[in-house]
Amino acid sequence: CAGEENWVDSRTIYVGHREPPPGTEAYIPQRFPDNRIVSSKYTFWNFIPKNLFEQFRRIANFYFLIIFLVQLIIDTPTSPVTSGLPLLFVITVTAIKQGYEDWLRHKADNAINQYPVHFIQHGKLVRKQSRKLRVGDIVMVKEDETFPCDLIFLSSSRGDGTCFVTTASLDGESSQKTYYAVQDTKAFHNEQEIDALHATIECEQPQPDLYKFVGRISVYHDRNEPTARPLGSENLLLRGATLKNTEKIFGVAIYTGMETKMALNYQAKSQKRSAVEKSMYVFLIVYLCILISKALINTVLKYVWQSEPFRDEPWYNQKTEPERKRNLFLRAFTDFLAFMVLFNYIIPVSMYVTVEMQKFLGSYFLTWDEEMFDEDTGLGPLVNTSDLNEELGQVEYVFTDKTGTLTENNMEFIECCIEGHIYVPHVICNGQILHDCTGIDMIDSSPGGSGKEREELFFRALCLCHTVQVKDDDSVDGLKKNQLSRRSCIYISSSPDEVALVEGVQRLGYTYLRLKDNFMEILNRENSIEKFELLEVLSFDSVRRRMSVIVKSSTGDIFLFCKGADSSIFPRVKEGKIDQVRARVERNAVEGLRTLCVAYKKLTEEEYSNVQKLLQDAKLALQDREKKLAEKLAEVYEKIERDLILLGATAVEDRLQEKAADTIEALQKAGIKVWVLTGDKMETAAATCYACKLFRRNTQILELTTKKIEEQSLYDV
């Protein structure tokens, strides 16, 4: 068991709605919302009052309503119809426009809520509408389908209990991510086995963080004590994500409807105000002040003029007795209101309806614009609300990612440097190496005997130090039809860099075949299969900027292979041709290539036992929640990944997107400031900025990096 978790608030979910065995724990049924998604603002019943309230929150509309009411109450020089009819027209047209747009949202919601979903009931697969899903239902999702709610991943059609998912609609990441099934349930591959599962899940209450999840699953085996397993974000499949390169998966619903992480990240449906509308408010207030001033001045001047008796009651406008007896202040206030009505046209009643219609028609011009149509996807722009069209013209800053935004995120292995020797792979055409050799071009002289050993270690490191999964084109009873063919493997990973490296080393003579029963298989240059037992994976994170694996060869040797950014690897290296490799890395970075360094060290059985104990102790810190767990793991990784031997470095090219340079140039001409945010090496980022014309040759560059500041400090000393 991973230990007790200190959750402030939690929920208990019974998988498949099966109660726990008697005597194990109390059965407490809980109520959860259904799986209905609502993105609309109005309903049939609240449309009129809610829409009127929102419209009369606008200063101009409220002003004309007051004027209309004043005309009804007092004797004014103009008819109430002159204010009432235009106001009614404005309110009606705006209500029709907003009602139509909300009807489109209702239509989209209904399409989502009525989408058919497969779930397990009494050991059989049943179809029902997505909105009828409940927390605890076991759902089956097929390849290229979207997850209907937040699911705990129970099992997969893949033998290793993994699946691949794209989360582009959630966080914009187009690359595929790997998720892992619960250890105790990943062997269940059919409806009957899954339906027989007896388990409860305890997890935190819904919260919007896409990358954070803490929970625990307890699996009951007959009447024995339940097996408890910790659950993390790698076990949680989010609503809105899409299943890829996996035939099917089974999962249990834990968050549904408006409690899913996707729904919790929706912005509140409050009335949004554009910059133009806000500026209109300012002008309205100014003109309202002018109007009040004019009415006040005219009221004062009237009573100054009527201060003499013969001016107060001319022969053609004699007052009645009740009028003579009326309170002076009441008469003055009534006259003030009459002047307000008389001058009210200083604020045009048609202003809002004109702006509303212009926005409404403008939204259609956006959707009809052929120059904004993407031929690859077959989609044009989609306008969800016409109230904010003009905000597109208010953009001053554009923050862009580099990888996958400015570049294609389609990596290609260019070269590797092993102990100062440069290796360039031959080109593969239709899966076949063009030259009749190992697939390597040596730019400089060939290494000696010890160099050959390091060369093979380097290639093995690239074949083993990754999280790449293999999708086979053809298989019979789990065996490849052509296992020795170097074209039979399709690699999948959340990191395109890793795929490029594995494909690149394949062209250099070493092919990663698969991970089976915790053994990684690679095909060497002699066409013989080498097996390495995967002992530990020290996952990549953006702080460490490196990852490591610990593997055991068939001869019993234990290796730690580590790859990462040069700034992360070089400080942890104790030997190797550091200067030669660093020079090549810097040269490749200046050319805009993405670089990684590779190192290793050999471990004894005793050293590995100590490493295993450190990692196990850190992972059992789940009760301290994710932040402290990450801190403990980082400390352990720091102890393990040191005293390494440098093997070499790799260079991968990520080409610019088509017309990226033209787009940035157009944005700059429009006065928009473009910022590129990247975690790449500084020289690589600068080279990309030059290539996409963000930087010009005459651009003055100020480098505010730790390295430059340290150099300046030494210079000053």
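The chain as shown is numbered from 1 upward.
Yeah, the Cβs are placed from backbone N, Cα and C, and that goes for glycine too.
Not measured: the values here are computed from a predicted model.
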ATP binding, same site as Asp401, Lys402, Thr403, Phe540, Lys563, Arg594, Thr678, Gly679, Asp680 - TrEMBL member from Glu356, Glu498, Glu635, Glu638: Glu498
Among ranges 146-180, 216-250, 601-635, whichever one TrEMBL labels coiled coil: 601-635
For Thr403 (Mg(2+) binding site): intrachain residues, at least 6 apart, with Cβ closer than 8 Å: Asn409, Asp654, Thr678, Asp680
Among Asp401, Phe540, Arg594, Gly679, which are binding-site residues, the residue with the most C-beta atoms within 10 angstroms of its C-beta: Arg594
The coiled coil (601-635) [mean pLDDT, rounded to integer]: 74
Secondary structure at Thr403 (Mg(2+) binding site), reduced by DSSP to three states: helix
Using Cα positions only, nearest of the binding-site residues to Asp401 (Mg(2+) binding site) (Phe540, Arg594, Gly679): Gly679
